[in-house]
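A short write-up of the structure that comes next.
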Amino acid sequence: MSSSRVLVLNSGSSSVKYQLLDMSDSSRLAVGLVERIGEETSRLRHTPLATGASREWTGPIADHEAALKAVAEELAKDGLGLDSPELAAIGHRVVHGGKHFTEPTVIDDAVLAEIERLIPVAPLHNPANLTGIRTARHLRPDLPQVAVFDTAFHTTMPESAARYAIDTETADAHRIRRYGFHGTSHAYVSRAAAELLGRAPEEVNVIVLHLGNGASASAVRGGKCVDTSMGLTPLEGLVMGTRSGDLDPAVIFHLARVGGMSIDEIDTLLNKKSGLIGLCGDNDMREIRRRIDDGDERAQLAFDIYIHRLKKYIGAYYAVLGRVDAVVFTAGVGENAAPVREAAVAGLEGLGLAVDGALNAARSDEPRLVSPEYARVKVAVVPTDEELEIATQTYALVGRH
Ligand code: ADP
């Protein structure tokens, strides 16, 4: 029997998201989520795609090992158990791969040690990713496990884009540089955009705008990332749901010296209480649009700040690339919020950019162009699929045996 299934695991500090895919036709067999791990009210939601009928379970799940065992049991009920010979590999999303990991990597002890060494630059994410990997290895020690890094796609950035203009020795001593994140999505979407344009990825230059709760932009030349908006951490760049994105670093000194805030308080302020939620009290773009329709000025200002930043990055990456074939919107906001796409591109006709009102307003789950025929630079919407990309990269590395 050929092994063509890949289990994709995205392990957070208190959650595990998973998808089981069959790579013979890239179809999904099951999807699910375990939340609130370590609490009395942990919740598992499992959906086998054959029936589409979700099963939910609430109760205490002590740790990631128990969570993964519960997932394995659910999969087994559908005849998709982790002990199946059809399972080729497990693909893990790992947030930070530093400079070292430029490609998906089969996990061994040395790889685990390197991911662990990166914890100081990804204290929130890498420990949870490591727990997921260790647990999966424990359950299926014989099975290839692959790490797919959020940073990998950005390792092609030239030093001129990746380095901050700070003292080189200090930067190197603390591994301070711009790493970028959402790389799996930027890779998938930039490739799919080239396909939509009917051209090879090597031939096209695109600006990808991944606008979810977290948000990042990237400039991709001929399939390779040459700049991205997130930096050492996912805090830099665009205005996000709860993160500030770019600001004068002196704001931090000011808050500490004049505002009397601790470093941890400032960290929480900028990561959790800023961005759209800090500006208007809501981080969901649907709610913000609803409030704008009701004449809410705070919501309107939050939207305007969000759009202003987005536009600045479109302009900046246009300049970085020199020639742009398409601006591509993806993720929750990018795929669904027509007003965001319209406003971000408004006034950029001089750069060859325009959206067509009707095309932009039409809803679809498919990759599509929303620019008018005459636009020199196409505007596209491409739904992202990070799990499929992780499974594809994992299978390319270990499959077909
Ligand atoms: P993440 O993976 O970063 O949590 P997603 O890519 O799923 O985020 O995006 C989530 C966000 O997408 C929500 O916070 C919401 O602002 C936005 N969103 C989802 N659906 C819509 C919609 N129909 N219209 C506008 N915004 C939407």
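Glycine is no exception: its Cβ is also placed from the backbone N, Cα and C atoms.
TrEMBL lists D150 with the feature active site, proton donor/acceptor. The Mg(2+) binding site feature in TrEMBL is assigned to N10, E386. As annotated by TrEMBL, ATP binding site applies to K17, H210, L211, G212, N213, G214, D284, M285, R286, G332, V333, G334, E335, N336. TrEMBL lists R93 with the feature substrate binding site. The site 'Transition state stabilizer' annotation in TrEMBL covers H182, R243.
Ligand 1 lies within reach of R286 from the recorded positions R93, H182, L211, R286, judged by a C-beta closer than 6 angstroms to any of its atoms. Restricting the recorded positions K17, D150, E335, E386 to those with a CA within 10 Å of the CA of H182 (site 'Transition state stabilizer') leaves D150, E386, listed by sequence position. Take the Cα of the residue listed as 'active site, proton donor/acceptor' and measure to each of the binding-site residues K17, R286, V333, E335, E386: the nearest one is E386. Fewest Cβ neighbours within 10 Å among the binding-site residues K17, R93: that distinction goes to K17. V333 (ATP binding site) and E386 (Mg(2+) binding site) have their C-alpha atoms 16 Å apart, to the nearest angstrom. Here the candidates are the recorded positions N10, R93, R243, E386, and by Cα distance the one nearest R286 (ATP binding site) turns out to be R243. Largest CA to CA distance in the ATP binding set (K17, H210, L211, G212, N213, G214, D284, M285, R286, G332, V333, G334, E335, N336): 24 Å, whole number. Cβ neighbour counts within 10 Å, taken over all protein chains shown, single out H182 as the most crowded of the recorded sites H182, R243.
Put simply, E386 is the one of the recorded positions L211, R243, D284, E335, E386 whose Cα lies nearest to the Cα of R93 (substrate binding site).
Cβ neighbour density within 10 Å is lowest for D284 among the recorded positions D150, D284, E335, E386. The Cβ of N213 has fewer other Cβ atoms within 10 Å than any other of the binding-site residues N10, N213.
For N213 (ATP binding site), the nearest neighbour among the listed recorded positions (N10, R243, E386), judged by C-alpha distance, is R243. Listed in sequence order, L238, L310, F329, T330, A331, G332, V333, G334, A337, V340 are the same-chain residues six or more apart from L211 (ATP binding site) with CB atoms under 8 A from its CB. Annotation note: N10 (Mg(2+) binding site) sits in a strand segment as assigned by DSSP. Its Cβ placed at the centre, R286 (ATP binding site) has 12 other Cβ atoms within 10 Å.
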